[in-house]
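**Q** Pulled these features from Swiss-Prot for this protein:
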- CYS111, HIS114, CYS182: Zn(2+) binding site (BINDING)
Amino acid sequence: MSSLSKEAVLVHEALVARGLETPMRAPVQEIDNETRKRLITGHMTEIMQLLNLDLSDDSLMETPHRIAKMYVDEIFSGLDYSRFPKITVIENKMKVDEMVTVRDITLTSTCEHHFVTIDGKATVAYIPKDSVIGLSKINRIVQFFAQRPQVQERLTQQILIALQTLLGTNNVAVSIDAVHYCVKARGIRDATSATTTTSLGGLFKSSQNTRQEFLRAVRHHD
């Protein structure tokens, strides 16, 4: 991973050490993204033909390529650490020692069990130590880890570990509330339920007052 940013390497190594990295096999050989898209296009063509879809129809003929491009460049782009967001961290010269919260971060992910949509919002908080992070970078970190096949529990913890690693503090909290289309659109077909996951570190875990302050922020939009 020598071609990656220092921040990307640190985050990846922290997740691996904790057993929280997305399950990925070591590639037999490195292939570029254009080759990857070409190969996926071929496999999607076979899948659609097995479904008896007519790929000569002008509405369907480009679908395999569209899906391949979507997978590699968009909804699974977070599998590629070369796309890890550029992180701006500055010295905490202001001596901020109270909770900083970013609420209602929109995220769209993909259930790794059925490859259908997870649609939700995240709330992220941290108590600065020596560094503070550009607020938009929190949104970008959430979106990076959402752009993978995911389970919500792991996604929540990945965001937590990434921010703890980059900020040099355990005092981070993450909550995600999401609708899973593997529940909504198939199986039980429950269109109204949502899933909430929370991951707490440092004072958010050990201090009841800090934890309650965060949970009040999570509920603020209700």
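Just so you know, glycine gets a Cβ as well, placed from its N, Cα and C.
Situate these features within the shown structure.
**A** Counting every protein chain shown, 15 other Cβ atoms lie within 10 Å of the Cβ of HIS114 (Zn(2+) binding site). In three-state terms derived from DSSP, HIS114 (Zn(2+) binding site) belongs to neither a helical nor a strand segment and is classed as coil.
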